[in-house]
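Single-structure report; data block below.
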């Protein structure tokens, strides 16, 4: 169906693309690479490189000097201020670092310079391997109009549309009328949803075109647009392709990326639901033909629009590794970054098409700092608390941030990618929901709750996805948060008082706010009133301590909690766990295990029943040393543990050195505030500690 030989003979224009294969086939071992990127993709590339014994070099802006990718690299170099145009987009600076460090190759990641043909050319001129496609292929696919012409000549299906150079409004109106409404206005040099408008009626075309042109000019410096037929109820299905310099090209099956907001992907899955083997083969063959049409080398993604009648059309080709590549890795059991390194060394592809198989199902959920209730407005701020589900062979947390890091205004607000795999779609989706329940972030708005609602939506569970999924189901997806249950409120009040008990046991401080509370003593019945502010509502909870707390009870306590609605909740065997950041208890006969409850500044946040609730704490109730810290053995600033001088269970004296910590190029001695017993030492030698984290608990 797709004949590359006929294509070359038919049009000499394409011959220059084909010459990228079968040349310079001598294998060139790569021992050091520079990653010209930041965040999670830089960390992702480094992980594979290190596993293969390849040294890594990081570049960073002033805003990223303490970033995870900098600490992961074998070497790191400052390349400029925070603004990307003065750092990560400066090709000459990156080439200079590559030369200084002795890096033989540059991996561009995605974004920034990854699809910049001039940078690929610069690497070649400087004798540095660009881990990506040839510059000719980047140029060919970088223009939406030119790439569609190439696809038409290659026999790849394309959407009816106008891709001409005449940008006059009269011509655009005429072409739109020929195509038929609704139409999609797209920036010729666009990407990431920028410069894209849907126009339903002819009378709205002029406004849509002008708006698209303004956005295209601001984003890409090019105002040209194209007009395409807008397909109703379409799906966004993309094919992962890989090619080497020996003429081999394969596809690694498809990913469904239909669920989007602001024309940007938010959740992806592989394989695509409800796709027949026949259609899968047709789309895979078309993607390979598209790659061969431009002499492609390396990892690439061919994006298609799939209509309700299973006809599909070429949309664009991303000439880089995609954000969502991990789900392809999960279902094929292949490391695509490792494939990139092999191809960059002029090796052949590790596998042939017939050897590649689909195993199970995988989802990726993108966790963003954004507010879904405000049209997904991006946010910034400090990750005051961050805890994730435990990574494994079937669960990946792809991230470039740690607790205490800032989500900056300068870069994309993506915090992480949560990737799960299981034997089939139903099990994988259940796994994703459970993992989202274990993902806890405090300090800024995120889309985690939205992702939970999305993953439990009946239409999504049935695989009935399309690019308009979120607008269509907006009302149910944007439902207001459920009221806080009696159980959750009782757990919140109980956890706050347990932190108080731990505080009293850890340190009897005459200056502590607890010394003025009066009457609250372990093993004595006491009624205490706790006040919270939840948004605009004041919540009053009366808690009666009814026993427990002795050695025989293993630190468990019993409470009777009376809520302001008059309901009485019995909380038994309540105990703090995991560095005092979770609570376990029986509440009215139901057992809650390790419910996250964290204090940051003046707010207690509790994660329970799939919800995140924030309760402001009056100052007379807040435990001293809150922000998730109990007692006074806290890190004075971010740093590294260099020595631990005691063991759990040791008896220590007030002022005795407990551990040494290196921070800001100085060594700090952390001493015991009281005479007592070492109850916990959360950190080991050489571990990195964030600001204001508990280093030890003495009781």
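Glycine too: its Cβ is placed from the backbone N, Cα and C atoms.
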Practice problem: Could you look at 175, 210, 228 and say which one Swiss-Prot places alongside 144, 263 in the ATP site? | Solution: 228
Exercise. Rounded to the nearest Å, what's the C-alpha distance separating residue 228 (ATP binding site) and residue 320 (active site)? Just drop the number here, would you?
Key: 25
Exercise. Would you mind pulling the DSSP three-state label for residue 228 (ATP binding site)?
Key: strand
Quiz prompt | Among 144, 263, 320, the one of these recorded positions whose Cβ has the fewest neighbouring Cβ atoms within 10 Å | solution = 263
Quiz item: DSSP on residue 144 (ATP binding site), three-state: which is it?
Solution: helix
Self-check item: Rounded inter-Cα distance in Å - residue 263 (ATP binding site), residue 320 (active site)
Solution: 19
Quiz item: If you draw a 10 Å sphere on the Cβ of residue 228 (ATP binding site), how many other Cβ atoms land inside?
Solution: 22
